[in-house]
Amino acid sequence: MDVYLPIANLSVNGLVIVLLGGLTGLLSGMFGVGGGFLTTPLLIFYGVPPTVAAASAASQVTGASVSGAFAHARRGGIDYQMGAVLVAGGVIGTGLGALLFRLLQALGQIDTVINILYVLMLGGIGGLMAHESLGALRAERSGKPQPPRKRRHHPLVASLPLRWRFYRSGLYISPLAPLLLGVFTGVLTMLMGIGGGFILVPAMLYILGMGAGVVVGTSLFQILFVTMATTMMHALTTRAVDIVLAVLLLIGSVTGAQVGAQFAQKAKPEHLRLILAVIVLGVAIRMALGLGYRPDEIFTVIVQ
Amino acid sequence: MRAGRLIALLLALFLCAGARDPILVPEISQHEIQVRQGFTGADLLLFGAILTPEGARAAGDYDIVVLLEGPVRSIVVREKRKVAGIWVNADSTEFRSAPSFYALASSRPIASLVDAKTAAIYEMGLKWLQLSPVGVIDPAGQKRFSEGLVDLMRRQGLYQENENAVKISGQVLYQARIALPSSVQTGTYTAETFAVRDGRVVASALSRVTVRKEGFERVVADNAQRNGFFYGLFAVIVSISMGWIAGRLFALV
């Protein structure tokens, strides 16, 4: 099925894009991450210009996180106060990200920076998750319950001035910490076309020390708003949001997300996390190799 | 009186020139290509006749060269190099007038039709493209960049060189087929046809093809450019409602 993408200016096989969206949607439903970290590189691999890929992948993440966010909201799994601070940071971050995007584009280093960011982020987070889930599985097999992790925020967070009470998260910390976290994920969202869930969730758990019950919901809440801001930012600056591409991705991802959520209810969380870790590490390794191998194209053309 | 003499003189000149050189009557299968949903590229048939000025069959061994060129743009070409173990964009150069599309079709290899000077003047062949590089670069570096550009565009089907692709029948009718991929730029394309004999271009003719987005594609592209805010808002609303609807539908299952 040939579909012409009016902004990317090329014709693609619509079915492939829907399946791609479905795959990332499946991941997002199963693991609570946006799946953008897979969509953007795969779209680029398929021949979609990098800017269009990043700009359109953001709206796919919006769609995939909507139903998840609603579900968590019904269960009371969102700390709106924390979410609002994160979103505020995220919006600032997308603004900064847009400036950075333009600067790097002018220098011609945007692709390299995006690739290195992917390798560092995915490698780091994937390694952490693999380590943790393997530990949990080993502990389970030996019959000894793992010592419960002390829920605490990072000492650095405690040193920040100004403290707010976040009731639902069970925290009494400076709002600057989640604000900065929000800024950071906002920048990443703009640069990499990802939701940032796979960075946000561990950071909320281990740096902020939020209660596990509200982590995923609040992360989805933040992703929802930040990806919306990203789509707007791209529509206003790079003008690279391809609505046809976005709708194709959405068809796949919103369906995939629902199917993934059903799977997730039946599987063990440790197994799920291990699978996600393997996927994340795989993408990181592939990208790291890509940096070192001689690329297919030595020359690139940028229209001014 | 004077005007009459001038006309007579012009007429004489025209007839003299005409006695030697043929004229070309070119035609294109499509003068407008509409990029709509499902557009996967287009096949253009460029054809025509070689006639004497009186309109009779020219009946000579003419060769035909057809050039189809897309809108010219200013571009930057970047070159990757291995720095500290990873491949990064190192050098770059700017070309002021790189065509977004270039296709050449000829009845025989260009090298056997005209000399290098003539080929360069008429841009017959990818190595004669007038790219207008900006700034002072050494010739070797410039050659590397323009070759890199040509190679890249060639593999994307945007630059083509099809020698022996023009078919001439009965020394009078010629035809060439040129394929435009789906990734062509919109704008006005010029199709130039040259009749070549004894290493000399004896006649040329120009016609135009417009490539433009139509219908839905046009609305999308226009709005993305002009109404960024509402376009973005629309994209956001579409993504939210699709996510929400899917959530609702699956809740029923």
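Glycine residues also receive a Cβ, built from the backbone N, Cα and C atoms like all the rest.
Here is what TrEMBL says about this protein:
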type	residues	note
TRANSMEM	A:12-38	transmembrane segment
TRANSMEM	A:83-104	transmembrane segment
TRANSMEM	A:116-137	transmembrane segment
TRANSMEM	A:171-199	transmembrane segment
TRANSMEM	A:205-228	transmembrane segment
TRANSMEM	A:240-259	transmembrane segment
TRANSMEM	A:271-289	transmembrane segment
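When each of A:12-38, A:83-104, A:116-137, A:205-228, A:240-259 is scored by its Cβ pairs under 8 Å to the transmembrane segment (A:271-289), the top-ranked stretch turns out to be A:116-137. Highest Cβ contact count with the transmembrane segment (A:205-228) among the listed stretches A:12-38, A:83-104, A:116-137 falls to A:83-104 (criterion: pairs under 8 Å).
In this chain, the transmembrane segment (A:83-104) does not touch the transmembrane segment (A:240-259); fewer than three CB pairs sit within less than 8 A of each other, excluding pairs fewer than 6 residues apart. Put simply, of A:12-38, A:116-137, A:171-199, the stretch with the most CB pairs closer than 8 A to the transmembrane segment (A:83-104) is A:171-199. Sequence-distant contacts of the transmembrane segment (A:116-137) (same chain, at least 6 residues past either end, Cβ-Cβ under 8 Å): 37, 41, 146, 188, 191-192, 198-199, 202, 270-271, 273-274, 276-281, 283-285, 287-288, 291.
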